[in-house]
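Colleague: Handing you a structure now.
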């Protein structure tokens, strides 16, 4: 018979009591009332925060956007096909955040920072809030460094600085994405991290951009965030904020970044869809009242940081699509008022063969020459003036039958200047090449050439300078000034090269 030892039992009980830890898990839970169209109505969740992450029992996540007296409106970050009425929901106590890090360079990811390029997982230990606050006034400094796009029309007349927000606006099929991707390609030697955010695009269009970046060796310093046209509205709405969080990570690491949002019209449409399904009151063009705040809090995150924070920068190039050139619509006017200038792409110019189809007359950079090197300022001011005079005279010449010789010369010069602004896609020019082209145009060296010959002549002249007069590029790159020596090289080279070009053309 087993003897019961009271002291042993009491020791065991005492030991258990000593090692007992009182652990109570308090969960903020709720019940699914209604689900459909990417929106879930939930009863309960009494202490949920606006913007808090919500987790459903089958694993789908959502964001609490509408906090009402009787229920909570949640937008789903996924299809939510397995969510049922009466299902359990819990609040996570966290605001949406994404992993960030150098490992994301060269990868294609979605709005939740999950890779979609089939190249395996991305390991990262750091996280940033998707919707983090913009730097304050004291955290910034004024813009003074140029961000070269490689496009002669932009770098000379609509200069962009590091930390600026410059809108690219135009109708569909006018080359907006081409301007943005060419700018990414031009950063290869500039040590700038690029983030390209595709919102609601066709998968084939995004694949084309990724292929171009890969072929040109630009994907290694670029992160592509893509949410296609068939993605949930919530993910299309979140994609730009994810891109901004990744760019901010590098900015605060004292690096220079460039972010392209392609395009914010589609983000606004996704947000409108979410808001209408959440029964928020519609305003102008059925957009909700806070659609301005949607874009302002995103674009204000672009900044040139102060010297105390390391002088990193985040330059934003948002893209907005217009309908039939109407820039007075709601979203275009909103984004124009938030940004530091706009590059307007015209369908008429595009169809007339001027590509990139930049309408220099109504495009503007509010940072201006502060974002230009001295060498470019020296040659670009005359180019602006002559093109403005040409545009005025061209409009007048449509009604006048006979023009005096001076006016005819001005028209001929203007046509040649407009011709030198033409560029092939994915062929950005260096600053030295741009200065050479502008100098040749404004000083009349191109006046005796046919319009069709100008592009070929400038390419040959550039090749000749690179091989035989490398000193010209050295001067521009090192001094950032168009010195007398640099001008003497051009004065000596252009006439002799033009004579050779014309002789060869006649043979």
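Placed from the backbone N, Cα and C atoms, the Cβ positions cover glycine too.
Below are the features I grabbed from Swiss-Prot:
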- 170, 171, 172, 173, 174, 175, 176, 177: ATP binding site (BINDING)
- 363: site 'Required for activity' (SITE)
Colleague: Can you tell which of the recorded positions (173, 177, 363) has the fewest other C-beta atoms within 10 angstroms of its C-beta?
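Modeller: Selected from the recorded positions 173, 177, 363 on minimum Cβ neighbours within 10 Å: 173.
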Colleague: Three-state secondary structure of residue 170 (ATP binding site) from DSSP?
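Modeller: Once the DSSP labels are grouped into three classes, residue 170 (ATP binding site) ends up as strand.
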Colleague: Would you list the other residues of this chain near ATP - those whose C-beta lies within 8 angstroms of the C-beta centroid of 170, 171, 172, 173, 174, 175, 176, 177 - in sequence order?
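Modeller: After dropping the recorded site residues, what remains is 321, 345, 347, 350, 357.
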Colleague: Let me check the 10 A CB neighbour count of residue 172 (ATP binding site). How many other CB atoms are there?
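Modeller: Looking across every protein chain shown, the total is 11.
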Colleague: Between the binding-site residues 170, 175, whose Cβ has more other Cβ atoms within 10 Å than any of the rest?
Modeller: 170
Colleague: What does the structure give for the C-alpha distance between residue 172 (ATP binding site) and residue 363 (site 'Required for activity')? Integer Å is fine.
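Modeller: Cα-Cα, rounded: 17 Å.
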Colleague: Pop the Cα-Cα gap between residue 363 (site 'Required for activity') and residue 170 (ATP binding site) into the table, whole Å please.
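Modeller: About 11 Å separates the two Cα atoms.
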Colleague: When you measure from the Cβ of residue 174 (ATP binding site), how many other Cβ atoms are you left with inside 10 Å?
Modeller: 27
Colleague: Rounded to a whole number, how many Å is the Cα of residue 175 (ATP binding site) away from the Cα of residue 363 (site 'Required for activity')?
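Modeller: Each residue's Cα considered, residue 175 (ATP binding site) and residue 363 (site 'Required for activity') end up 15 Å apart.
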Colleague: Would you mind listing, in sequence order, the residues at least six apart from residue 176 (ATP binding site) in the same chain with a Cβ closer than 8 Å to its Cβ?
Modeller: 168, 169, 170, 262, 263, 319, 321, 345
Colleague: Which residues does residue 171 (ATP binding site) neighbour through Cβ under 8 Å, counting only same-chain ones at least six apart?
Modeller: 321, 322, 323, 324, 325, 345, 347
Colleague: For residue 176 (ATP binding site), what is the secondary structure state per DSSP, taken as helix, strand or coil?
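Modeller: Assignment for residue 176 (ATP binding site) reads helix.
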Colleague: Return only the integer: C-alpha distance in Å from residue 363 (site 'Required for activity') to residue 177 (ATP binding site).
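Modeller: Given the Cα positions, residue 363 (site 'Required for activity') is 17 Å from residue 177 (ATP binding site).
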